[in-house]
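Okay, structure first, notes after.
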There are 2 protein chains.
Amino acid sequence: MILRLTTLIFIMAVSSVNAVHASELLVEKKSFTTKNFATVSGEVIPEVTIGWEAYGELNEAKDNVILITHFFSGNSHAAGKYTPNDPQSGYWDAIIGPGKAIDTNKYYVLSSDTLVNAFPHLPHVITTGPASINPKTGKPYGLDFPVVTIRDFVNVQHALITSLGINKLHAVVGASMGSLQALEWSVAYPDMVERMVSVIGAGAMDAWTITALEHWARPIKLDPNWNHGNYYDGEAPLQGLASTLTMITQQAMHPVAFNQSSPKQETLPQAALESVTNGLPATDFWFGAAAKNAPLADANHILYLVRANQLFVAGHEQDLATGLSKVKAKTLFLPAKNDLLLQPYLAKQAVEILKEQDKAPQYAEIDGIFGHLDGVYNIQSKATELAEFINQ
Amino acid sequence: MILRLTTLIFIMAVSSVNAVHASELLVEKKSFTTKNFATVSGEVIPEVTIGWEAYGELNEAKDNVILITHFFSGNSHAAGKYTPNDPQSGYWDAIIGPGKAIDTNKYYVLSSDTLVNAFPHLPHVITTGPASINPKTGKPYGLDFPVVTIRDFVNVQHALITSLGINKLHAVVGASMGSLQALEWSVAYPDMVERMVSVIGAGAMDAWTITALEHWARPIKLDPNWNHGNYYDGEAPLQGLASTLTMITQQAMHPVAFNQSSPKQETLPQAALESVTNGLPATDFWFGAAAKNAPLADANHILYLVRANQLFVAGHEQDLATGLSKVKAKTLFLPAKNDLLLQPYLAKQAVEILKEQDKAPQYAEIDGIFGHLDGVYNIQSKATELAEFINQ
């Protein structure tokens, strides 16, 4: 179980594979640059570069495109492998590939990195954010990087898509933070999006989630190495970052899976009884794993991701109903029944509004013991519903 | 709702009142000292002093005693008021008093502070912990204070009880961390405890809860003012402490009550869009309230409380079943249905074991929108069951 768990942490931190669904897709990471990108916050970023990858073939009409948008700690590697010996496939390899629910024999499946990716130091992640070089100073932006929103992520993807001559998306599908992008796509560009699938998602952040996200930011801000975002010449705030990553991992899970994945604690472990500064088996395990991943992440990027999520309400209109009134796509919402991070009430809120607007949203709950992560680990349990929705 | 909320935060931070159940009990805080207290960790504390208070009259046989044990951020003020003009009654005033579920016309209800109380700087809290003066050095113990366990809390209470000539407890009743003490009483002193009521409780900590508790410790440890526990001559780690207190408050609540209690967020608040260092309405509200309470708390005390809870398995035997095998008391478990902190599965685990041991534990779930806090706010919804159990 411990071995399994290493993968488990890794999925949150990086991307993942389910060995059962070993992929045959070979994937190439590509890069897209757009200049003078205007943000929702009213700033201009001189140059934005993000990574993307694609599975399947673009047809001549360029109307067989499915866009995949990624979760908070993920990246564009949604399916396939970069090399045949790659130990991991993309995180949704179970449902993306030849003959799978999102069938790459039919569709051109394009998956995009976001701005301010949490793990900019991972080899295959291409992103622009506070850790990127500010062309004006020749140094990393740090907190001079403008605050960005989910809409900004979508607008970068829009620039990518249109640069490829694509004007129509057969579907946009995303999990967690990816679901926010998928929904935002259908509000921001309603005439381009035909289908929208929100997995473990929400229509708008509520105070509960905004405050929960703030707890992810606090350990970073409290770490003296954070130094108000100026750490690129010195030590990164890795201790705070490790706390944050552990919190993300735990909140993305449900106690059942978390307990099964944790080492057992003997009664009154000697070290823990000697000092409150010593760890316990479970805390050493989870915080230790996060500490190993922390150097791949960037603390400021995580603060920016937190903020992008905190500001989310689909459409950025005065209320969710006004935003959702613009949606023309068919919609499918797949929250996870045991999700403790974005609980099903959040998806239900959007569904109820869409129903009132006579838009016939579809809704089904993913069961499982992983909680929020069931949107990744157990997505194949909804493969039939997903395929029917995509192909309808 | 905002006014209500201030009380809400206060209940977690300090103690509380429900105005509907305005108390007529006038209460006096008392103090108890025991010397050379031997801890489970094998240390000796030269002098331990804790506070306690009582409601009702001790009968001649001294067999009408009900002990109340308090939750993590609480103290012995479970019912009544210290002065007639006191704006707040004790936290369980709804069920403790003349003619109430725990009837002070019949019972002598004694409520005790614990060691390492989270809020030692509150006027009515009397406790011994890292912030207390070490007689050997004339300075606060800091991290030289020995690690203490729930059993130690119980052993101090045992010394208090027996000093009053009491050898039998009609019942021990506690919520959350108080439930751990109540259960530990029935394992450690099975011949003294006739009834045990565990409200929003657990029989043993699991990896999920141990790790969740560690997240309460981390902001304190990350705050540079914490200084490895040596801050009594300088600035206390109030920023870390405020993060911790906010986290405790949020996790003790359910999204429904939390959202109802939070200020509304306008779309794209300007300050939040300008910098990731600026707050949002909900985060300013909750972290701000916690920051006001932080000077009343002690950071090291909270680390010690976290550890005491992390080490809990009833009886400190090799497994929970062995510990529970010692229980002779009648038992009643009242978890809160929507609790996200100590979810009902934890109480159920103990109940299942007690059933296997043919001990007929009783079980009922408290409903409500407050989550964990329903064990305090909605306890009166189980007043009938509680009274029947106590009087049976």
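Every residue, even glycine, has its Cβ placed from backbone N, Cα and C.
Because the structure is a prediction, the values reported are computed rather than measured.
Annotated in TrEMBL:
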- B:S176: active site, nucleophile (ACT_SITE)
- B:D339: active site (ACT_SITE)
- B:H372: active site (ACT_SITE)
- B:144-243: domain 'AB hydrolase-1' (DOMAIN)
- B:1-22: signal peptide (SIGNAL)
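In the three-state DSSP classification, the residue listed as 'active site, nucleophile' falls within coil. If you measure from the Cα atom of B:D339 (active site) to that of B:H372 (active site), you get 4 Å. Distance between Cα atoms for B:H372 (active site) and B:S176 (active site, nucleophile): 8 Å, as a whole number.
The Cβ of the residue listed as 'active site, nucleophile' lies under 8 Å from the Cβ of B:F71, B:F72, B:V199, B:I200, B:G201, B:L341, B:L342, B:H372, B:G375, each of these being in the same chain and 6 or more residues away along the sequence. Cβ neighbour count within 10 Å across all protein chains ranks B:D339 highest among the active-site residues B:D339, B:H372. Across the range of the domain 'AB hydrolase-1' (B:144-243), the DSSP-based residue counts are 55 helix, 13 strand, 32 coil.
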